[in-house]
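One structure below.
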Number of protein chains: 2
Amino acid sequence: MLSTEKIIDAMSEQGLRITDQRKTLAKLFGEHSGYLSAKDVYEFMGKKYSGLSFDTVYRNLRVMQELGVLEQIVFEDGVKFKASCSEDHHHHHMICLQCEKTYPISFCPVSMADTPDEFQVVKHKFEVFGYCKDCRQPADAGLSVNPLSGHTGEH
Amino acid sequence: MLSTEKIIDAMSEQGLRITDQRKTLAKLFGEHSGYLSAKDVYEFMGKKYSGLSFDTVYRNLRVMQELGVLEQIVFEDGVKFKASCSEDHHHHHMICLQCEKTYPISFCPVSMADTPDEFQVVKHKFEVFGYCKDCRQPADAGLSVNPLSGHTGEH
DNA sequence: TTTTGTGCAAAGACTTTGCAGGAAG
DNA sequence: CTTCCTGCAAAGTCTTTGCACAAAA
């Protein structure tokens, strides 16, 4: 994941002005490895900047995403952001349903899925959801822990 | 994919009233194998029902999704619906970026991704995007056709 | 001092909710 | 004839845009 400094450097190199708010944003994402919604970010920033407006948060999130320092993912419950991965090789993720931190998976299933030749593969998505070691749930919490019985978006 | 009749039967069995609009909805999803947005559905239904209101479309889509006859997926550009899969075994999908039809993939990568024991796997998502045989794109259309170079949401 | 960022206000897109009349069973 | 469905109107949520002032380089 990109560090606070790398985020600031990247913004600076692209000619963006390094305002105090943007420094704080860089720090937030540089130190928080989970996903954050625009509202999360607004609430966090609001603690420091009393007159903060929502549109500036949106603008900065968008600028940072377009610049490539933030990744934007659409979850069922809305759009969320986190610092881009610094790993440069292709990989996938485990995502914790509690803290929304991500952990890399180096295995890539695409070559093993026998997609017929007449289907032109462009991109793919492989995500494993569950609870990380810090957020373990009781086994009987009503959620299956059998990897083959929990389904999301695979239909 | 569920047929028009199965959709209607399921709704009827659950005590839902089979109105003309709902018959048309069942027919739409029973015969269209791609994903449709609420707007798509509204526009289609609007051709037949002049005084149609958006909220009724939303209500019916939600009811049908909660009943299980429709599947709802969040794409980058919004929420979309299609008839539920009738296949009862676990599978994944190839999704055409042009027509948004889906094609089953029986291979499931979860067991092969070496998720550490301390990560409690709950569910997973594996989707392959591209162009189906009816929607092939020229190879130089600016989109990679290399399955290993196209990335979406895997970071 | 020039260019970009910010807050404010407003609007826009999408979705949900309360209500009263109308239709299904 | 009872219950559910529909359209209408309104409101709610999330996000974007235009403008004038303020701040960065």
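Heads up, residue numbers simply count up from 1 along the chain you see.
Note: Cβ is positioned from N, Cα and C throughout, glycine not excepted.
TrEMBL does not curate its annotations; it predicts them automatically.
Residues or ranges marked as Fe cation binding site in TrEMBL: A:His90, A:His124. Just so you know, the Cβ of A:His124 (Fe cation binding site) picks up 26 other Cβ atoms within 10 Å once every protein chain is counted.
As annotated by TrEMBL, Zn(2+) binding site applies to A:Cys96, A:Cys99, A:Cys132, A:Cys135. Cβ neighbours of A:Cys135 (Zn(2+) binding site) (same chain, under 8 Å, six or more residues apart in sequence): A:Cys96, A:Leu97, A:Gln98, A:Cys99.
Filtering of the binding-site residues A:Cys99, A:His124, A:Cys132 by Cβ separation from chain B (threshold: under 8 Å) yields A:His124, A:Cys132, ordered along the sequence. In this structure the C-alpha atoms belonging to A:His124 (Fe cation binding site) and A:Cys132 (Zn(2+) binding site) are separated by 24 Å. In the three-state DSSP scheme, A:His90 (Fe cation binding site) is classed as coil. When the Cα atoms are compared, A:His90 (Fe cation binding site) and A:Cys132 (Zn(2+) binding site) turn out to be 22 Å apart.
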